[in-house]
Amino acid sequence: GVPGPNGDVGPAGPTGPAGLDGAPGAQGPDGEPGLPGLPGQSGKSGASGQPGVPGPVGAAGKPGSIRGQPGPPGPPGDLGRPGERGAKGVRGTPGAPGVDGVAGIAGAIGFPGPMGPDGAAGPSGYPGFDGVAGKPGPQGAMGPKGQAGERGPQGTPGTQGSKGVVGPKGVVGPQGDSGDTGDAGQKGARGTAGSVGAKGTVGLPGNQGPQGPAGLKGVKGEKGEVGDKGILGPDGDKGPTGMSGDAGPAGPIGDAGIQGPPGQDGPTGAQGPRGGQGPKGPAGAVGDVGDRGSTGPAGPPGPPGPTGGGIILVPVNDQNPTRSPVSGSVFYRGQAEETDVNLGSVADVIELHKKLQHLKSPTGTKDSPARSCHDLFLEDNSTSDGYYWIDPNGGCIGDAVKVFCNFTGGVQQTCISATKNAGDLKSWSGHSIWFSDMLGGFKLTYDISRSQLQFIRAASRHAVQSFTYKCRNSAAAVIFRTQDNKEIAANKVTYDGCKSRPSVPDAAFVAVETKRVEQLPIRDFASSDIAGQHQEFGFEMGPACFY
């Protein structure tokens with residue numbers, strides 16, 4: 001038949017079991033930002049970073065309102081250049097007498113002096129104390145064979161020895177002497193001849209016979225062996241006092257003592273004998289132009305002139321009369337021929353005039369050198385310190401020399417410098433203490449001729465030269481070799497930072513001041529405290545100044 005209508009919905013069935021997990025869905029869109037989280041705990045300190053590069057120098061800050069404490073004294077600065085000459089001040093009032101200065105520091109240890117002469121023999125010394133007994137000496141060598149000694153006395157009988165062992169059977173002794181004839185026996189009956197009997201045994205030895213005569217002297221026996229070393233005998237008696245020994249050799253030269261204070265000036269010596277005539281001096285400078293001389297007398301009449309060609313009438317009113325050298329005479333000048341002027345001669349005269357002016361008023365330039373810095377100052381006392389040209393021998397200016405003029409302190413010093421005047425702070429090696437003989441050393445030379453130097457000395461009464469000794473682990477024990485090949489020490493110490501042999505670089509500032517101007521400038525120097533390990537030195541030689 002036809003299907004009937006749908007029935008009513010039935011009641012819900014029981015819940016089925018859970019299904020299997022589905023596949024992961026696609027990623028959803030980003031959510032909204034969450035709220036800020038709470039602050040985290042502080043982390044551990046990181047490792048220190050590398051030092052950053054130095055930043056740029058900041059701008060100078062404003063002056064503080066509080067004055068800072070004075071800083072520690074800085075190290076000694078380098079020796080500065082002489083400052084410019086200041087204006088001459090007014091004369092001050094005499095000051096009060098100064099207090100006595102403190103004693104100067106002890107000078108550096110000097111070099112060992114020369115060995116002195118042998119001293120006179122001293123008096124004999126007191127007898128010395130008894131010496132202790134000496135140790136036994138070593139066994140001596142075997143002496144030579146001695147002579148045979150005399151026969152000694154007979155010794156005492158020895159004690160009876162123990163019974164000896166039975167000796168081996170002795171050999172048959174010699175036949176004994178015939179015995180005494182026995183008493184005649186009774187005649188026996190004749191027996192039958194018997195067989196030969198066996199040999200009888202040796203009889204017992206007989207008693208010892210009397211001592212025989214002494215035998216002949218035996219031959220000398222061989223030398224016996226060296227006996228054992230004897231025991232040490234008792235100490236001998238004290239011997240008599242020995243004679244004084246010879247003087248011992250001179251001991252080594254002791255270290256030089258510290259330099260003593262300068263002695264008092266000695267009395268003026270007697271006038272020396274008159275010296276021999278010196279060598280001819282150089283030509284003097286060209287003198288100033290002299291004043292015009294007076295008119296000389298009229299000369300003799302000249303020889304007759306050639307015959308003229310007739311009388312020339314000259315108007316009386318000629319406007320060119322010329323005064324004759326002879327007083328009261330007038331002659332008239334004719335028409336002279338034109339002549340060429342030698343312009344070269346005029347230039348020479350002008351040049352000579354300039355040279356004369358330079359000689360009269362030198363300016364210290366290469367074309368106008370002065371004799372010395374002193375002369376330059378006399379020409380213009382406002383001249384400041386600096387380098388100038390001088391020509392001490394006053395000859396051709398081609399050998400003029402450039403020097404430093406020091407006008408500070410009221411003296412006019414002419415100073416010349418060494419062409420190479422410094423050495424670095426380092427260890428110097430060599431077999432000599434003189435700097436010029438060391439590896440890399442050199443002699444101090446000066447760019448000035450001997451002639452010019454002699455004229456500078458001749459015009460000077462004093463000379464001074466400074467020296468800077470740079471040190472590390474070395475004391476400034478320095479001597480100098482002068483131009484006349486003498487050895488001198490510094491006699492002025494401004495500062496000595498080397499006396500304690502510092503392990504860090506330091507310096508000593510010394511100088512040589514002398515009235516023996518021929519000793520300067522210094523040509524070499526030596527240091528006696530450079531032989532140890534880690535010792536270094538350097539130097540700077542200042543200019544030699546004459547005044």
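Cβ coordinates are placed from backbone N, Cα and C, and glycine is handled just like the others.
Fair warning: this is a prediction, and the values are worked out from it, not measured in the lab.
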Annotated region 'Telopeptide' segment (source Swiss-Prot; candidates 308-336, 337-365, 424-452): 308-336
Around the Cβ of Asn381 (N-linked glycosylation site), the count of other Cβ atoms that are within 10 Å: 11
Cα separation, Asn381 (N-linked glycosylation site) to Asn406 (N-linked glycosylation site) (Å, whole number): 12
Protein Cβ atoms within 10 Å of Asn406 (N-linked glycosylation site), excluding its own: 20
